[in-house]
Amino acid sequence: MILEKMIALVTGGSRGIGRAICLKLAAMGATVGINYVANPAAAEETLRQVEAVGGKGFTVRFDVADAQAVQEQIKEIIATHGQIDILVNNAGITRDGLMARMKEDDWDSVLDTNLKGAFLCSKAVMRAMMKKRWGRIINVSSVVGFVGNSGQVNYGAAKAGLAGLTKSMARELAGRNITVNCVAPGYIVTDMTDGLTEDVQEALKAQIPMGTLGTPEDVAASVGFLASPDSNYITGQTLHVNGGMYMGH
Ligand code: NDP
């Protein structure tokens with residue numbers, strides 16, 4: 001129970017990778033805030049699963065791209081629970097399309113949720129972390145931010161942006177004993193990738209040295225490590241969880 005007495009907030013914690021992260025952090029002893037925006041039933045199901053493994057948690061609805069909502073809800077969590085020790089900026093969306101046809105709105109909504117959302121949530125938790133002189137911020141990026149993907153200029157820009165945000169935040173917060181890192185998943189089996197056709201899935205597997213898509217639990221294990229005191233001296237890094245699909249830096 002290495003995270004006992006700690007409070008974690010996982011944005012987009014209600015489904016997919018976020019749900020696996022909530023379960024992992026709860027199993028490590030943290031009380032987990034399960035954030036969602038549109039689907040309360042999924043968040044309740046995640047809470048049920050957290051409690052089923054003996055963990056503690058609560059659900060919290062806000063849109064990570066809505067500055068006022070983020071500020072109000074995070075303030076309330078800190079007032080109720082005393083602290084947020086671990087923030088996982090996981091909420092993400094895709095609005096794919098070739099750039100020539102991409103609407104400005106598809107660019108804005110992907111940048112707002114995936115990149116601005118991480119900025120807003122981090123800004124809202126950092127003061128309390130600075131006071132406590134301990135904190136962990138983990139941003140969920142993507143292999144697409146490092147290698148690119150046609151049809152995803154918006155998503156690729158947002159995810160690459162997260163790596164830059166991570167490094168600058170890590171420098172600003174290092175003196176307060178707050179680490180900021182990224183986890184960059186490759187292709188993981190979730191609702192986000194469920195829509196891919198068999199052919200696309202086979203083509204993807206061919207690009208992955210380990211020959212298989214990853215699981216949400218593969219990503220959650222890395223987040224668990226970066227959230228724990230075991231990663232005390234690691235900051236500003238990106239941990240790639242992708243079956244060998246991308247090995248550069
Ligand atoms: P899912 O689509 O399965 O789940 C997305 C989660 O984000 C849901 O909990 C959803 O809540 C929440 N969410 C979406 N928009 C907002 C918002 N504006 N405010 C708050 N919560 C929001 O996604 P995945 O689990 O697949 O992805 C999780 C993260 O991992 C994302 O950042 C994604 O980019 C990244 N990733 C995923 C990969 C994959 O292969 N699946 C690969 C690489 C990175 P609700 O249901 O209420 O809308």
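Just so you know, glycine gets a Cβ as well, placed from its N, Cα and C.
TrEMBL does not curate its annotations; it predicts them automatically.
Copied over from TrEMBL, here are the features:
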- Tyr155: active site, proton acceptor (ACT_SITE)
- Gly12, Gly13, Ser14, Arg15, Asn90, Tyr155, Gly156, Ala157, Ala158, Lys159, Ile188: NADP(+) binding site (BINDING)
- 6-186: domain 'Ketoreductase' (DOMAIN)
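Recorded features from TrEMBL, shown on the structure.
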residue: Gly12; record: NADP(+) binding site; contacts (Cβ under 8 Å, 6+ apart): Gly18, Asn35, Tyr36, Val37, Val64, Asn90, Ala91, Gly92
residue: Ser14; record: NADP(+) binding site; contacts (Cβ under 8 Å, 6+ apart): Ile34, Asn35, Tyr36, Asn39, Ala42, Ala43, Glu45, Thr46, Thr59
residue: Tyr155; record: active site, proton acceptor; contacts (Cβ under 8 Å, 6+ apart): Thr94, Arg95, Asp96, Val110, Asn114, Ser142, Val144, Asn149
residue: Gly156; record: NADP(+) binding site; contacts (Cβ under 8 Å, 6+ apart): Ser142, Val144, Gly145, Gly148, Asn149
residue: Ala158; record: NADP(+) binding site; contacts (Cβ under 8 Å, 6+ apart): Gly92, Val110, Leu111, Thr113, Asn114, Leu115, Gly145
residue: Ile188; record: NADP(+) binding site; contacts (Cβ under 8 Å, 6+ apart): Gly16, Ile17, Leu213, Gly214, Thr215, Pro216, Asp218, Val219
Local backbone state of Ser14 (NADP(+) binding site), from DSSP in three classes: coil
Recorded positions close to ligand 1 - of Ser14, Tyr155, Gly156, Ala158, only those whose C-beta is under 6 Å away: Ser14
Taking residues Gly12, Gly13, Ser14, Arg15, Asn90, Tyr155, Gly156, Ala157, Ala158, Lys159, Ile188, which bind NADP(+) in the record, the widest Cα spacing (Å, whole number): 25
Local confidence of the domain 'Ketoreductase' (6-186) - pLDDT mean: 98
For Asn90 (NADP(+) binding site): DSSP state (helix, strand, coil): coil
Local backbone state of Ile188 (NADP(+) binding site), from DSSP in three classes: strand
